[in-house]
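Heads up, the thing below is written out as structure tokens.
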Amino acid sequence: MYAVATWLCFGSTSGWSFTLEDNNIFPKQYPIINFTTADATVESYTNFIRAVRSHLTTGADVRHEIPVLPNRVGLPISQRFILVELSNHAELSVTLALDVTNAYVVGCRAGNSAYFFHPDNQEDAEAITHLFTDVQNSFTFAFGGNYDRLEQLGGLRENIELGTGPLEDAISALYYYSTCGTQIPTLARSFMVCIQMISEAARFQYIEGEMRTRIRYNRRSAPDPSVITLENSWGRLSTAIQESNQGAFASPIQLQRRNGSKFNVYDVSILIPIIALMVYRCAPPPSSQFSLLIRPVVPNFNADVCMDPEPIVRIVGRNGLCVDVTGEEFFDGNPIQLWPCKSNTDWNQLWTLRKDSTIRSNGKCLTISKSSPRQQVVIYNCSTATVGATRWQIWDNRTIINPRSGLVLAATSGNSGTKLTVQTNIYAVSQGWLPTNNTQPFVTTIVGLYGMCLQANSGKVWLEDCTSEKAEQQWALYADGSIRPQQNRDNCLTTDANIKGTVVKILSCGPASSGQRWMFKNDGTILNLYNGLVLDVRRSDPSLKQIIVHPFHGNLNQIWLPLF
């Protein structure tokens, strides 16, 4: 039997209660991850969020470098939840239940009482009966756990502080609710603190980074527009990424910068270091298991299989120039060139990424003239060209490769009018490309160890305390994979040797070399694609004023985050 009087004193529960006798026969042993706000550090919080992520997903489903959470269809109930046990300085403890299919909080246990958000459907209502089966009192709220409802009860997220202190207070509020010691508005705010500092931080490296900064400086502050729009857009971003064609979106997703200004995201590239986990939306098309050179085109009879769109994009490459059909003439064999990106609808810079792995402009195919290095790339009739000469793969690291030849698209010069060729892949800047409809470099600050910012200092680079809008801390991320100081976009972040410990410098972008091409990885590192080394704060000591390249080990001196 369940005692109901102490719960009904708030008028917060619904008539939807349930019995647990059947589930007590076989109690579920869900994984438990612990975190305490007592003496919490950046390191303890980072390890906690990493543990949450590792229990949420097996890593078996990874798309565009980003892990996908389990599909709820067919997921055994024994694998449906994980538990997060939180404690604070007051030695109060509560346990949150997270649904592994969306990383979201579904309920909470405090002592011998458990309470749950109102489920959206009967399936979820049945699933939560497997949680906290040994408590004496268990009830559901009359409200669900989505932000719209919680904000109606507790106020807008933009006015609710986050940080170690707010999490400490939230734990106490959740604990005392079980004894009628917490009012509903405070309870709703406390849930929003926990959800953002745990669920949203697990979903987004970006939000985890925001929380690390608050913990490091013992700061209490509300989330800015960049955080709130990411939270609101997680589902749409997950859908856009999973339904993208080789990383290009069928339609843009609008996000906001910290200052509230809006921008559109047209492709997955900038999101790889931002999103840690995606909600499952659809299964990859069966053809994605095959080489794009030989993949079959089959009807999609499975509604669960991702759409395979054919977006029309520009292809931006070296020095921010675009792939262009020379002279807007589409006769067979006309060379492809680099040219300043247009803003109109001229077809000679608009490329359709087709399901058959061709890249087409005005109905004709991007084609290699011969399968040997230094041969020109041309426009050609798709039906008369050799099939293998017209097929391309677009990798997440911004390589466009012709699978038949194993050669990659390249621009041997960064000047307008340069004719494009195929070359042996050395991951040079001259071989970096991004299919997108945003032709401008993405301007950002890059935050690293101790929440300090990467700063260009003449020909050197090191970490300094972050200063809002400081020009030396602004970086332009180019489509070709180069990272350039916003103050001087002719210079590039460069490693001029492929040796562990090499100091990274700011040098001319002219060589467009392998040492100037980088990739922001989903694990938080910035990888040099050619040598496999990552950016590293030497000895974890910013006072040395040296950023080096080093083999990956995953410590915080190798973790970087672009902030927008």
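For all residues, glycine too, the Cβ spot is worked out from N, Cα and C.
Quick look at what Swiss-Prot lists:
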BINDING   Ile32, Ile33, Asn34  beta-D-galactose 1 binding site
CARBOHYD  Asn34  N-linked glycosylation site
ACT_SITE  Tyr104  active site
BINDING   Tyr104, Val105, Gly145, Asn146, Tyr147  AMP binding site
ACT_SITE  Tyr147  active site
ACT_SITE  Glu200  active site
ACT_SITE  Arg203  active site
CARBOHYD  Asn259  N-linked glycosylation site
BINDING   Ile312, Asn437  beta-D-galactose 3 binding site
REPEAT    319-361  repeat '1-alpha'
DISULFID  Cys322-Cys341  disulfide bond
BINDING   Asp324, Val325, Thr326, Gly327, Glu328, Gln337, Lys342, Asn348  beta-D-galactose 2 binding site
REPEAT    362-402  repeat '1-beta'
DISULFID  Cys365-Cys382  disulfide bond
CARBOHYD  Asn397  N-linked glycosylation site
REPEAT    405-437  repeat '1-gamma'
CARBOHYD  Asn437  N-linked glycosylation site
DOMAIN    439-563  domain 'Ricin B-type lectin 2'
REPEAT    450-485  repeat '2-alpha'
DISULFID  Cys453-Cys466  disulfide bond
REPEAT    489-528  repeat '2-beta'
DISULFID  Cys492-Cys509  disulfide bond
REPEAT    531-558  repeat '2-gamma'
Thr326 (beta-D-galactose 2 binding site) to Cys453 (disulfide bond), Cα to Cα, whole Å, comes out at 42
How long is the line from the C-alpha of Val105 (AMP binding site) to the C-alpha of Glu200 (active site), rounded to the nearest angstrom? 10
When counting C-beta pairs under 8 angstroms to the repeat '2-beta' (489-528), the leading stretch of 319-361, 362-402, 405-437 is 405-437
Could you tell me the C-alpha distance between Asn34 (beta-D-galactose 1 binding site) and Tyr104 (active site) in angstrom, no decimals? 17
Could you check what DSSP calls Asn437 (beta-D-galactose 3 binding site) once collapsed to helix, strand or coil? coil
So which residues does the repeat '1-gamma' (405-437) touch in its own chain, when a touch means Cβ under 8 Å and the partner is 6 or more beyond its ends? 246-248, 252, 264, 266-267, 269, 311, 313-319, 321, 323, 326, 335-340, 351, 353, 368, 371-377, 388, 392, 394, 397-399, 478-482, 492, 509-514, 516-517, 528-530
What's the number of neighbouring CB atoms sitting within 10 A of the CB on Val105 (AMP binding site)? 20
CB-centroid shell, 8 A cutoff, AMP site Tyr104, Val105, Gly145, Asn146, Tyr147, site residues removed: Phe117, Gly144, Leu150, Phe191, Ile195, Ser199
Cys492 (disulfide bond): which of the recorded positions Tyr147, Glu200, Gly327, Gln337, Asn348 is the nearest Cα neighbour? Gln337
Could you list the residues of the same chain, at least six apart in sequence, whose Cβ is under 8 A from the Cβ of Asn259 (N-linked glycosylation site)? Pro225
For the repeat '2-beta' (489-528), the averaged pLDDT of the predicted model is 98
For a quick check of understanding: given the listed AMP-binding residues Tyr104, Val105, Gly145, Asn146, Tyr147, what is the maximum Cα-Cα distance in angstrom, as an integer? 12
Within the chain of Asp324 (beta-D-galactose 2 binding site), which residues six or more apart in sequence place their C-beta under 8 angstroms from its C-beta? Ile336, Gln337, Leu338, Trp339, Asn348, Gln349
Residues near the beta-D-galactose 1 site, Ile32, Ile33, Asn34 excluded, by Cβ within 8 Å of the Cβ center? Pro31, Phe35, Ala51, Leu83, Val84, Glu85
Who sits close to Cys322 (disulfide bond): which same-chain residues at least 6 apart have their Cβ under 8 Å from its Cβ? Arg314, Ile315, Val316, Leu338, Trp339, Pro340, Cys341, Lys342, Gln349, Thr439
Which of these recorded positions has the least crowded Cβ, counting other Cβ atoms within 10 Å: Ile32, Val325, Cys492? Ile32
